[in-house]
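What TrEMBL says about this protein:
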- A:12-31: transmembrane segment (TRANSMEM)
- A:43-62: transmembrane segment (TRANSMEM)
- A:74-98: transmembrane segment (TRANSMEM)
- A:118-135: transmembrane segment (TRANSMEM)
- A:147-164: transmembrane segment (TRANSMEM)
- A:170-186: transmembrane segment (TRANSMEM)
- A:193-213: transmembrane segment (TRANSMEM)
- A:290-308: transmembrane segment (TRANSMEM)
- A:320-337: transmembrane segment (TRANSMEM)
- A:357-377: transmembrane segment (TRANSMEM)
Amino acid sequence: MSTKNTSTSRLDYNLILILFLLFLASCISIYSAQKSGQYIDKFLIKQLVWYFVGTGIIAVVIHFDSDQLKKLSWYVYGLGISLLLFLIVAPASIAPVINGAKSWFKVPGMGSLQPSEFVKVFIILALARVIVEHHQKYRLKTIQSDFWLMIKMGLITLFPLVLVMQQPDLGTSLVFISIFLGMLFISGVSWRILVPIFSVGTTLVAIIFYFVLWKPEILEKYLGVKEYQFGRIYSWLDPYNYQSTTGFQLTRSLLAIGSGETTGKGYGQREVYLPESHSDFIFSVVGEEFGFIGASILISLFFLLIYQITKIGMETKNDFYTYVCVGVISMITFHVFQNIGMTIGVLPITGIPLPFVSYGGSSLWGNMLAIGLIFSIRFHYKKYMFSTSE
Amino acid sequence: METQKNTKKTLPFRLNILFLIVFICFSILVIKLGTLQIVKGEDFRKEISRTENHIVREPVPRGKIYDRNGRIVVDNDGKNAISYTKAKDTKQDEILEVAKKLSQLIVVKTDKLTERDLKDYWILTRPEEAVAKLTKAELSNKKLESKDLYKLQLERISTADLSKISMKEKQVASIFREMAKGYALTPQIVKNDDVKVDEIARVSENLESLPGVDVFTDWKRMYPNGDTFRSILGNISTDEEGLPANLLDYYLSRDYSRNDRVGKSQIELQYEDVLSGQKAKTEYEVGQSGKIEQSKMISEGKRGKDLVLTIDLELQKKVEEILEKQLVSGKQNGGGPFLDRAFVVMTNPKTGEVLSMSGKKLTFKNGKYEVDDYALGTFTSSYEMGSVVKGATILTGYQTGVIQPNTYLVDEPIQLASTPIKKSWRTMGRINDLEALRRSSNVYMFKTAIRSLGSEYYHMMKIPLNYDAFDTYRYYFNQFGLGVRTGIDLPSEAAGLPGSNSPNFLLDFTIGQYDTYTPMQLAQYVSTIANDGYRAKLQMVKEIREPNLESDLGQIQHSFEPVILNQVDMKDEYIKRVQEGFRQVYQESGGTATSYFGSKPYSDYNLAGKTGTAQSFYYDSEKKKLYVDEPTFNLTLVGYAPFDNPEVAFSVVVPYVKSDKHPINKLIGQDIIKAYFELKEQAPVE
């Protein structure tokens with residue numbers, strides 16, 4: 001048995017294969033997107049570099065076991081919060097305002113670095129640790145202890161959430177919230193708390209939607225929100241009426257994907273001009289060039305990825321690992337669902353990238369960091385199993 | 001009360017639920033994708049292949065203008081130019097991209113760049129720094145719209161910021177400025193000055209990668225004869241000005257683009273339709289991708305047609321010289337303080353063709369007199385013309401039956417009850433109609449007028465209150481073109497100013513001392529008499545020619561035949577009688593023009609016509625002052641030659657001369673008629 005206990009055998013080859021396929025999808029679609037002649041940058045070459053570095057990140061992270069990760073979690077969480085704080089005070093020379101948001105650090109040689117992409121993972125680690133420690137402390141679960149756990153988790157999420165929202169970066173804020181919700185769900189908090197919370201939350205969202213759609217003047221009167229700020233929602237529901245303004249991207253994206261039909265137009269045969277097609281709207285490239293078949297394969301890849309992580313989360317006997325897995329699942333699922341959803345009109349447009357596929361260093365590294373944690377789980381839980389069996 | 005053990009069990013359960021949720025989410029995506037791509041895919045596919053057709057009109061060179069003998073008057077200087085046409089939804093950064101590429105191929109002047117242009121460019125090219133110009137509070141302030149923010153950015157860009165724009169970038173900014181300012185689907189000139197051949201070559205080679213950019217031949221108006229006749233030719237707008245604001249709708253409804261150069265005045269305006277030509281029309285099929293799918297030439301476009309003027313350029317030059325010379329010398333030799341202008345119009349009386357039209361105006365600038373062109377004054381300014389109109393008065397007398405050919409009347413000082421004594425320049429005694437014309441008797445006209453009013457002159461008589469007489473006189477005068485538009489093909493012709501209908505003034509009217517007429521009208525009047533009572537429409541343009549690639553004239557597309565506006569409503573013999581009177585003015589002893597035209601070479605030309613003098617008062621339009629204490633004289637002269645087969649008629653008008661004895665009108669008359677016949681001998685016309 002111990003002969004199998006080599007470092008290679010502890011690598012999750014399924015995960016590696018899925019990642020490699022996503023990497024291919026990324027390269028293929030970015031190369032096609034950059035050919036639209038809209039930009040001068042060589043996105044593909046840079047993306048290859050980001051992937052190379054990202055692999056390095058996995059190689060490092062894989063060596064940390066659960067104890068080390070638990071210990072580190074508060075430090076990295078603190079580091080993330082400080083980076084986000086520093087963004088606020090940093091001068092424009094270090095943290096310029098791009099597209100109206102102050103979310104990036106200028107990094108010589110690389111371009112820009114977005115700390116919030118890493119903070120997602122730090123939140124996952126911190127939440128996982130809090131849940132584990134909570135359960136160790138309160139062996140007997142009561143409603144009170146569950147509430148207390150929920151408050152602790154809420155606070156951990158709240159700090160970075162506030163910092164990110166003021167940048168302002170709605171997309172990332174929503175990612176934080178979905179990580180929180182996913183991990184709250186799995187944390188073992190009683191249904192008696194969860195059911196009311198989720199139903200109240202859903203009702204609230206429904207009510208807000210009702211007002212946005214039918215009574216915007218009331219929101220304007222009592223909350224001071226202007227009608228035009230709901231443009232995102234209006235243009236999502238009725239893109240063709242807002243085609244010249246906020247609905248432009250959605251109508252173009254629908255046109256691109258829809259016209260791809262079942263089999264697509266073929267590689268490099270795109271017809272619809274779409275801004276940001278290399279980053280947030282990369283899915284429209286896939287949809288247009290490879291059609292329903294290609295797009296479905298890409299969605300399936302993500303599903304397999306989630307499945308694989310879920311499986312790992314199930315198999316591990318270490319609760320901390322399970323929580324980390326759920327955090328990563330929540331994060332990736334939200335990213336994928338939100339990103340693809342917005343390109344096909346299921347959700348309003350929010351500027352978040354498609355994990356592993358969209359162009360962008362920070363986003364990729366954040367995701368590689370998260371997937372690095374999963375690799376490390378596989379890498380270490382076998383060893384743990386062996387050690388107990390001995 | 002659950003235990004830790006229970007938690008252990010709930011974990012995989014909830015993980016399964018979570019996985020189920022993930023599965024549902026992904027299923028939603030796939031289902032939506034399926035409806036989008038498989039169910040509705042065909043609709044989207046159709047929408048993509050739906051194209052829009054846009055028609056781009058490319059300007060063509062304007063027609064040229066020639067004189068009656070085929071000498072070039074207005075030419076086009078062809079020059080290479082680079083243009084840019086943007087599509088309807090071309091974005092600023094796309095234009096900038098093309099501008100960047102173009103800046104590597106051509107060199108442009110950057111002196112037109114304003115600070116604002118540079119600031120716009122700065123914001124466009126440095127978006128991050130531009131946003132940094134705004135505070136967080138401003139960015140999140142909901143009340144500030146994007147245009148307010150832009151304004152703030154503009155204000156905060158310092159000269160230090162602008163100084164970071166390199167010379168190379170200024171080139172880009174300059175090109176961008178020209179490219180961005182135009183309207184969609186309207187070619188915009190990016191560079192047309194001093195375009196080098198290698199620039200054209202480089203741009204032509206790279207047209208594929210420069211969407212919207214084109215190379216074509218632009219043109220510029222050229223006037224090889226300098227200022228001669230310049231003011232009548234008129235002006236066209238520059239492409240900066242584009243369509244004149246007051247004619248915007250007119251031109252836009254006629255397929256013009258806003259930056260088209262069009263005629264703004266005179267001949268260029270009058271014949272805009274002819275000169276402008278047909279634009280090349282290309283239809284572009286633009287797909288949903290914004291790319292041009294295919295283009296189809298609808299019409300090739302045709303350079304504007306050429307005009308052949310009735311003007312004889314050589315004669316025109318001579319006449320202008322004569323006017324200038326006589327005006328200056330007249331001024332120096334007793335012309336008086338108010339003499340400042342003189343006009344000559346020469347026509348072919350049979351066809352109405354204007355052979356020459358000149359006006360000169362003296363202005364006192366910087367201590368000396370300068371002569372400016374005032375040819376426009378020949379049809380836009382009017383004056384009391386004096387005795388030249390007596391031919392029309394006599395004819396009206398005949399036609400209304402108050403006098404007959406050879407009626408004798410006594411030229412004596414006339415004393416009416418209400419006015420000072422009226423008389424001729426000298427008392428002539430008993431004279432007939434011919435003598436009255438020859439010697440220019442005022443009293444003969446007065447007595448004719450009194451008869452028209454229904455009475456006969458007697459000492460201290462009161463003018464009979466007959467208001468119809470004026471209408472009768474004006475009715476006949478109008479038939480000669482006096483007091484009505486001559487029909488000349490130039491915009492804004494004046495008709496002259498009629499006075500009131502009061503019978504008291506009819507006497508003044510009959511000697512040209514009441515209504516005012518333009519020099520052009522005067523020329524038409526004498527032409528009508530010379531042409532046996534047929535009033536020909538005055539014409540500036542003789543022919544319209546098809547554009548020709550070579551420099552010589554193309555085929556005649558349209559030839560303007562003489563248009564007879566009316567035949568004077570009078571017996572032939574009456575007109576012959578006045579013609580004879582006019583002949584005597586120039587050729588018989590005692591004629592008012594004989595002393596200047598009775599000897600060679602003028603006697604050879606067989607002239608007929610009439611002199612004129614009218615008292616006038618100078619009106620200074622700048623000071624808005626009428627000098628009533630210092631009366632002046634409008635000296636005029638009309639004539640035609642040869643008497644028996646007239647080929648040229650002319651009017652000379654010199655207003656505001658100090659003395660009625662001044663010979664300036666006759667000196668000008670001498671020179672121009674001599675010039676006409678000399679030129680005719682040198683190069684026989686047609």
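Glycine is no exception: its Cβ is also placed from the backbone N, Cα and C atoms.
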When counting Cβ pairs under 8 Å to the transmembrane segment (A:147-164), the leader among A:43-62, A:118-135, A:193-213, A:290-308, A:357-377: A:118-135
Per the 3+ Cβ pairs under 8 Å rule, pairs at least 6 apart in sequence, do the transmembrane segment (A:118-135) and the transmembrane segment (A:193-213) touch? no
Interface present between the transmembrane segment (A:290-308) and the transmembrane segment (A:170-186) (three or more C-beta pairs under 8 A): no
Cβ under 8 Å to the transmembrane segment (A:74-98), counting only same-chain residues 6 or more beyond its ends: which ones? 104-106, 112, 115-116, 118-119, 121-123, 125-126, 129, 156, 159-160, 163-164, 166-167
May I ask which of the stretches A:12-31, A:193-213, A:320-337, A:357-377 has the most CB pairs under 8 A with the transmembrane segment (A:43-62)? A:357-377
In terms of Cβ proximity under 8 Å, which residues at least six beyond the ends of the transmembrane segment (A:193-213) contact it? 143, 146-147, 150, 184-185, 219, 230, 233, 237
Go through the chain and flag residues at least 6 beyond the ends of the transmembrane segment (A:357-377) whose CB is under 8 A from any CB in it; none is fine as an answer. 11-12, 15, 19, 22, 25-26, 29-30, 33, 43, 46-47, 50-51, 53-55, 57-58, 60-66, 69, 104, 110-115, 117-118, 120-121, 124-125, 278-280, 282-283, 286, 298, 309, 312, 316, 318, 321, 324-325, 327-328, 331-332, 339
Long-range CB partners for the transmembrane segment (A:12-31) (under 8 A, at least six residues beyond its ends), listed in sequence order, are 43-44, 47-48, 51, 267, 278, 282, 285-286, 289, 298, 301-302, 304-305, 308, 312, 355-359, 371, 374-375, 378
